[in-house]
Amino acid sequence: MSLVTLTRRLLNLSAQGSPLRRSAFVLASDTAGLKRCSLPGQLQACCTRQRNVSTSTQPLRADSKVTINFINRDGEKITAKGSPGESLLDVVINQDLDFDGFGACEGTLACSTCHLIFDEDVYKKLGPVTDEEMDMLDLAYGLTDTSRLGCQICLTRSLDGITARVPDSVTDIRQSEDVSS
Amino acid sequence: MATHKALWKVPMFKFFFTPKGVRGLATFQHACSPKVCIVGGGPAGFYTAQHLVKTRPDVEVDIYERLPVPFGLVRFGVAPDHPEVKNVMNTFTQTAQHARCSFHGNVRVGKDVTVQELQESYHAVVLSYGAEGNRNMGVPGEDLDGVYSAKDFVGWYNGLPRNRHLRPDLSCETAVVLGQGNVALDVARILLSPVDILKKTDITQPALDAVSKSSVRRVLIVGRRGPLQVACTIKELREMVNLPGTRPEMVVSEFDGIAEKLKALPRPRKRLTELLLKAAVETPGEKELERLKSDKQAWGFRFFRSPVEVLPSADHTRVAGIRLAVNRLVGEGEGARAEATGEVEDMECGLVVSSIGYKSLAIDPVVPFDSRKDVIPNTMGRVQNAAGLYCSGWVKRGPTGVIATTMNDSFDTARTLLHDMDKGILDISTAKPGSQGVAALLHKRGVKPVSFSDWEKIDIEETRRGEARGKPREKLLDVGEMLQVAWA
């Protein structure tokens with residue numbers, strides 16, 4: 001029964017493309033005003049990029065992969081690889097990185113749970129930020145001047161080796177107020 | 001059933017949530033495993049459950065929900081035109097299908113089973129039942145026809161069974177929404193959105209029919225304080241600003257002195273205020289002016305006003321307007337207070353929706369409740385003076401914040417609970433019967449719970465009905481019908 005529901009849902013949402021694609025990414029492509037990640041000369045939107053859920057298909061050569069270093073909430077460094085055109089959220093999902101609660105709205109710019117913090121020089125390389133991304137960032141925990149949403153950052157070769165820090169979630173002012181009251 | 005669940009989900013759902021316990025089905029239903037029960041199947045309940053089953057490989061979690069359907073305010077609160085926000089249901093579904101997590105709908109805690117009985121069956125009980133009450137305005141005329149709480153109004157267009165008979169009269173031209181939070185903006189947006197947009201959402205058919213015939217052309221959103229204190233977030237404000245066929249209609253003088261204060265504001269408040277100023281004060285460009293001229297509808301904030309009385313029609317049967325006290329601000333910034341000047345003004349309207357906040361209600365006499373703050377008194381999710389009781393979500397910290405707020409808050413409570421298990425603060429040494437104990441009680445009382453796979457039948461039926469109308473879902477509005485489909 002569950003399988004039926006799932007298949008039905010995915011079929012419904014996949015207006016164009018493989019029914020195995022994640023619903024979120026299909027929705028993203030339908031939402032106006034979203035940032036489109038584009039590769040130089042290729043104009044490929046990372047959020048609409050077709051992807052097989054199975055990890056066995058890896059048509060790209062290993063050397064075309066982009067290495068990303070994540071610093072998780074415990075301060076540990078986790079190195080992952082992604083393909084150009086994928087978003088940083090894609091990398092977290094595809095590599096099964098265990099950042100609890102990361103990407104709650106599945107990359108549709110409706111939450112701020114894929115919030116990542118960068119060094120200033122890296123931040124400058126990430127490209128322009130849309131108003132809609134800024135709107136969501138404004139609600140993020142531990143917002144900094146070099147914060148971005150992982151779902152809006154498209155991997156390119158020039159980002160090879162960058163470090164992205166997952167902010168500590170337990171920094172909400174309202175919660176500390178609650179405890180003291 | 002557990003086997004069936006486990007078989008298909010591993011390869012399909014590898015993201016966000018690795019079901020560690022699924023691997024060894026031997027861990028399932030251990031007599032001596034720690035058993036946790038969660039009261040309320042909304043986001044707070046599911047996020048608490050998610051963190052518990054994911055972090056501790058032997059804990060078993062049961063979620064009890066009053067309605068036959070899960071997801072709480074994600075289903076009944078999130079606006080129909082915000083389908084992206086509802087994507088969190090996919091993660092909740094994975095949690096519910098986890099081998100060590102079960103959903104039990106159609107069970108009213110406090111009525112069908114008491115909290116004390118739950119405590120006898122579980123090592124810990126987490127109260128995550130949200131805020132189902134609403135704050136009243138406390139003014140004369142509040143009970144007139146045409147006056148609704150936002151909670152009921154939202155429940156009506158989102159298919160909450162208890163609000164299905166609301167049928168608000170939308171034959172007036174001007175509606176007044178009291179309160180300036182995101183719920184207030186949701187209500188305004190649903191009232192003014194083009195039907196072509198709404199008909200592709202999961203708004204209920206009766207609500208869609210009513211909104212299509214609506215005469216409401218103007219929505220005024222009233223707040224007791226000023227532009228620097230609006231409670232909505234910028235995404236919702238931007239949606240109002242960009243709403244097709246609708247132009248902003250503000251009172252420019254209410255923004256006096258605001259532009260000068262921008263510089264000192266923190267970024268979120270600054271960006272919100274800039275957008276507000278742009279909509280209210282800035283002279284639009286030529287193209288925008290053209291659009292505005294053709295817009296037949298209008299929305300606007302009205303600041304520094306508090307409701308004094310809902311004014312009746314000549315025959316005293318329904319609302320004809322609202323009397324507002326004019327306030328001035330005492331103090332600055334987020335903490336500024338509204339103080340009445342003594343002046344009042346009347347505003348003509350045929351519909352009043354009060355959106356001044358939800359509030360939690362006490363569920364059971366054994367659970368401490370702070371009736372002044374309308375929350376369960378707690379320290380980091382531990383209910384005060386009540387060993388074994390925890391809380392998360394709105395009932396823990398009050399009805400504010402976006403879904404990520406509730407997520408973090410629920411993870412915090414789960415962390416506290418796990419910490420207490422580890423440190424022996426919570427006694428898990430004696431075996432507890434868990435859901436089996438509760439099932440026996442419910443059976444004796446003639447209560448039949450709805451399982452998650454039962455819900456999936458409802459889900460399929462709703463999706464099927466939605467398809468026929470070009471909508472993602474057509475919600476069942478009646479609990480009896482839900483049960484019928486669930487047990488078919």
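Going from the start of the chain as shown, residues are counted 1 onward.
Cβ atoms are placed via backbone N, Cα and C, with glycine included.
Going by TrEMBL, these are the annotated features:
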| type | residues | note |
| --- | --- | --- |
| BINDING | B:ALA44, B:GLU65, B:LEU73, B:VAL109, B:TRP394, B:GLY401, B:VAL402, B:ILE403 | FAD binding site |
| BINDING | B:GLN180, B:GLY181, B:ASN182, B:VAL183, B:ARG224, B:ARG225, B:GLU236, B:GLY401 | NADP(+) binding site |
| DOMAIN | B:35-192 | domain 'FAD/NAD(P)-binding' |
Of the binding-site residues listed here (B:GLN180, B:VAL183, B:ARG224), which is spatially closest to B:GLY401 (FAD binding site) when Cα positions are compared?
B:VAL183
If you rank the binding-site residues B:ALA44, B:ILE403 by how many other Cβ atoms lie within 10 Å of their Cβ, the lowest count goes to B:ILE403
Using Cβ atoms only, which of the binding-site residues B:ASN182, B:VAL183, B:ARG225, B:GLY401 are under 8 Å from chain A?
B:GLY401
Are there any residues in the same chain, six or more apart in sequence, whose C-beta is under 8 angstroms from the C-beta of B:VAL402 (FAD binding site), and if so which?
B:ASN182, B:THR233
Distance [Cα-Cα, Å, rounded] between B:VAL109 (FAD binding site) and B:VAL183 (NADP(+) binding site):
27
Determine the most Cβ-crowded residue among the binding-site residues B:GLU65, B:GLU236, using a 10 Å radius around each Cβ and all protein chains in the structure.
B:GLU65
So how many other Cβ atoms are close to B:ARG224 (NADP(+) binding site), meaning within 10 Å of its Cβ?
22
Could you say whether, by DSSP, B:VAL109 (FAD binding site) belongs to a helix, a strand or a coil region?
strand
Once the DSSP letters are reduced so that anything not helix or strand counts as coil, what is B:GLN180 (NADP(+) binding site)?
coil
Minimum Cα separation from B:LEU73 (FAD binding site), reported as the residue among binding-site residues B:GLN180, B:VAL183, B:ARG225, B:GLU236 that achieves it
B:VAL183
Rounded Cα distance in angstrom between B:ILE403 (FAD binding site) and B:GLY181 (NADP(+) binding site) is 15
